[in-house]
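Student: Quick paste from Swiss-Prot:
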ACT_SITE  GLU289  active site, proton acceptor
BINDING   GLU120, GLY252, ALA253, MET254, GLU255, ASN256  substrate binding site
BINDING   HIS288, HIS292, GLU311  Zn(2+) binding site
SITE      TYR375  site 'Transition state stabilizer'
Amino acid sequence: MAVKRLIETFVPENYKIFLDIDRKTKKIKGQVAITGEAKDSVIAFHAKGLHFSKVRAFSVDTNFIENEEDEEIVVKIGETGRVTVSFEYEAELTDNMMGIYPSYYEVNGEKKMLIGTQFESHFARQAFPSIDEPEAKATFDLSVKFDEEEGDIIVSNMPELLNINGIHVFERTVKMSSYLLAFVFGELQFKKGKTKSGVEVGAFATKDHSEAALDFPLDIAIRSIEFYEDYYKTPYPLPHSWHIALPDFSAGAMENWGCITYREVCMLVDPENATIQSKQYVATVIAHELAHQWFGDLVTMQWWDDLWLNESFANNMEYVCMDALEPSWNVWESFSISEANMALNRDATDGVQSVHVEVTHPDEIGTLFDPAIVYAKGSRLMVMLRKWLGDEDFAAGLALYFKRHQYGNTVGDNLWDALAEVSGKDVAAFMHSWVNQPGYPVVTAEVIDDTLVLSQKQFFVGEGADKGRLWNVPLNTNWSGLPDLLSSEKVEIPGFAALKAKNDGKALFLNDANMAHYIIDYKGQLLTDLLSEVETLENVTKFQILQDRKLLAKAGVISYADVVNILPAFTNEESYLVNTGLSQLISELELFVDEDSETEKAFQSLVGKLFAKNYARLGWDKVAGESAGDESLRGIVLSKTLYAENADAKAKASQIFAAHKENLAGIPADIRPIVLNNEIKTTNSAELVKTYRETYVKTSLQEFKRELEGAVALIKDEKVIAELLESFKNADIVKPQDIAFSWFYLLRNDFSQDAAWAWEKANWAFLEEKLGGDMSYDKFVIYPGNTFKTADKLAEYKAFFEPKLENQGLKRSIEMAIKQITARVALIDSQKADVDKSIKEISEKL
């Protein structure tokens, strides 16, 4: 049932909010006055978990009804027109990382509490009565009183105006949506700087971190704001930009306007021992949130079905920004590895959501934050659009969009209109097929009787209903003489031999630089030509060959055995991008390999041979002046070499562990997870798991914490695994925000999978209580769908989750997971024998 829009009866203009918060009792006392235009004599405001004692309108007490089911308070004001409605109420701090909530941490063994907020998507209503809809933009006058202690500070969207007897009064905000209001208070350390245009920028964290951990995020934030101001040709709209790392946080980060909050691992960087991947990740997260300060905050989607306007765009711009600020990082390679790969895999399952999807009820909003679709696919579409328009027109169109719609709300067509006005191209016609349709096409390229035939149809992994969908496919080819777009089902280009000669006899390839959202099935001579030139192709094209052949095999269009046969062509590659493509393919092939089998021995040998040259070249030690690509590649090479049971690598890993056993965090970060994993695999020691766990609890280094959790999950000891699982219910050991990651590490390992699955089923009520509404909640649906590969597990999954299909927040994820497991089981059954044979044959030949 569609939820009613409260803005239809009341349009807010200003909120005056006073909150009195006590950390010890976890109680909130609130007084809120909302001024706006009443369009009805009976109006409603969103409210959840708020206990009202008084409501006034037109300066007199008025009747009200609390409707818990619809999360509303209904107020009878008796007339229409401009009115101020005031509320007095009490509430409690939440413990599920939504609304106003506490974060817990320790400094030198002393337990402390920080208070922060998370109001996106519709959780402002848990803090104050509001029209909690993105279209209902208003200004906010915020005042906060709290049980202040020495060393405490408070920050919010706007600068603090004054402090009256412990009441912190903040300047009025600009006009914005309720979900962007934010504040944080507690004992925080910080560093500040300024942009060239005078915007004050600050990085904040608790004092259990090194102060130097703030340097990198502060530098990235300052430079990113400067980049966006220039690129958008639109000034940053606020006087400051605060960046706050919270010990407990449900998402990765949140773009609160001027007061951005982060999970600690997404913002803080160990200045003495951080990987290049960690720096890149933190930098792109910061750039993503800052992109939102314009696209999402200054201009906001009208309703949640256009969430992609926020997230797809910001996900694209984080890479545009970082490519400009740190060109040596080659971040577009990372885009292909992560975003493109994630989108292509998820978007190939029948039933997947489109980028733009109708939202009828707030319970469905959480399902929109599918990172593979709204973020990854959406950003891939923006990359495609930027290439089609050209960067100059793309940037100019954005500047026009911001100028035209600042402090307002939009739908997707408003963006297309601005880009079309600048470029002269019909952007809406080009983009509608991509944004409004689920899935993507496979373009088949073949030569028939000297005619090049290019055709498109929707690509499915597993069963899929072909509904005849067509896309405007940019061919982006390396040849001249071909059309720019494939918009029909098929196009035929005669005279292939002559056309090839005009293009110097080069092999034909499509989708140059992997910038458009489709894959290619090259048939016959076209594939042979590509593979014969593989050493001279661009790295991204080599990666695409591996990417596309892997997906075609996953769909059963070709066999994984065919893919194994092309692996020898990639043994001499030094590129991080290409070797990551190999690594991803190897992970897929592991599905067919039984533990302790002859095939496993042959596969280990094959993997070792594929990475032998890079192992000899890179070794274990970072070299001064080496490229970001080599630094990133080392971990992949070492991991695969150890998988291959390389005696030299295993001995070296053990030596490094022994040299650092008194300070595990001191292992060089780029090899640390490999060393930690190897020691558990080698010793299978329960005592070592205990050491890792004790280290996990004590350290404040979030990247190191994840590495330790990944390592302990490799233990093959049922008693220890049971203890690990039980510890997830102890927040002093594993924070609720980290349960999903820690649990998945156990689920993905064959030895511990049954125990992890049993724990999930037995503790579903606990997960609902702790994580219901949290952005990691549906991971407990999705992760098994990404992992299970047997008919028995499929039956168990259906038995447990099909009764939960009535939950709108989980429905699509459950249906998708069932299809994914079904397809995986069928794939293994149909291809295993051929894949085993090919692995053995190629391993012997290589």
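Going from the start of the chain as shown, residues are counted 1 onward.
A Cβ is built for glycine as well, from the same backbone N, Cα and C atoms used for every other residue.
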Student: So the record assigns GLU120, GLY252, ALA253, MET254, GLU255, ASN256 to substrate. If I measure every Cα pair among those residues, what is the longest distance in angstrom, as a whole number?
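Tutor: Roughly 13 Å, rounded to the nearest whole number.
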Student: Using Cα coordinates, what distance in whole Å links HIS292 (Zn(2+) binding site) and MET254 (substrate binding site)?
Tutor: 9
Student: Can you figure out which of GLU120, GLU255, TYR375 (the recorded positions) comes closest in space to HIS288 (Zn(2+) binding site), comparing Cα atoms?
Tutor: GLU255
Student: Work through the binding-site residues one by one (HIS288, HIS292) and point out the residue whose CB has the fewest other CB atoms within 10 angstroms.
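Tutor: HIS292, out of the binding-site residues HIS288, HIS292, has the fewest neighbouring Cβ atoms within 10 Å.
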Student: Reduce the DSSP letter at GLU255 (substrate binding site) to three states and note it down.
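Tutor: In three-state terms, GLU255 (substrate binding site) counts as coil.
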Student: So which recorded positions are near GLU289 (active site, proton acceptor), with CA atoms within 10 Å, out of ALA253, MET254, GLU255, ASN256, TYR375?
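Tutor: Within 10 Å of GLU289 (active site, proton acceptor): ALA253, MET254, GLU255, ASN256.
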Student: Pick from GLY252, ALA253, GLU255, ASN256: which of these binding-site residues has the biggest number of other Cβ atoms within 10 Å of its Cβ?
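Tutor: The residue with the most neighbouring Cβ atoms within 10 Å is ASN256.
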Student: I'd like the number of other C-beta atoms within 10 A of the C-beta of the residue listed as 'active site, proton acceptor', please.
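Tutor: That number is 27.
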Student: In three-state terms from DSSP, label GLU120 (substrate binding site) for me.
Tutor: coil
Student: In the same chain, which residues outside the set GLU120, GLY252, ALA253, MET254, GLU255, ASN256 have their CB within 8 A of the centroid of the CB atoms that define the substrate site?
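Tutor: Other same-chain residues with Cβ inside the cutoff are GLN118, ALA251, ILE260, THR261, TYR262, GLU289, HIS292.
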Student: Give me the sequence-ordered set of same-chain residues, not including HIS288, HIS292, GLU311, with a C-beta within 8 angstroms of the centroid of the Zn(2+) site's C-beta atoms.
Tutor: GLU255, GLU289, ALA291, PHE295, GLY296, ASN310, PHE313, ALA314, ASN315, MET317, GLU318, TYR375
Student: CA-CA, which of the binding-site residues GLU120, GLY252, MET254, GLU311 lies nearest TYR375 (site 'Transition state stabilizer')?
Tutor: GLU311
Student: Show which residues of the chain containing GLU311 (Zn(2+) binding site), separated from it by at least 6 in sequence, have their CB under 8 Å from its CB.
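Tutor: Listed in sequence order, they are PHE369, VAL374, TYR375, GLY378, SER379.
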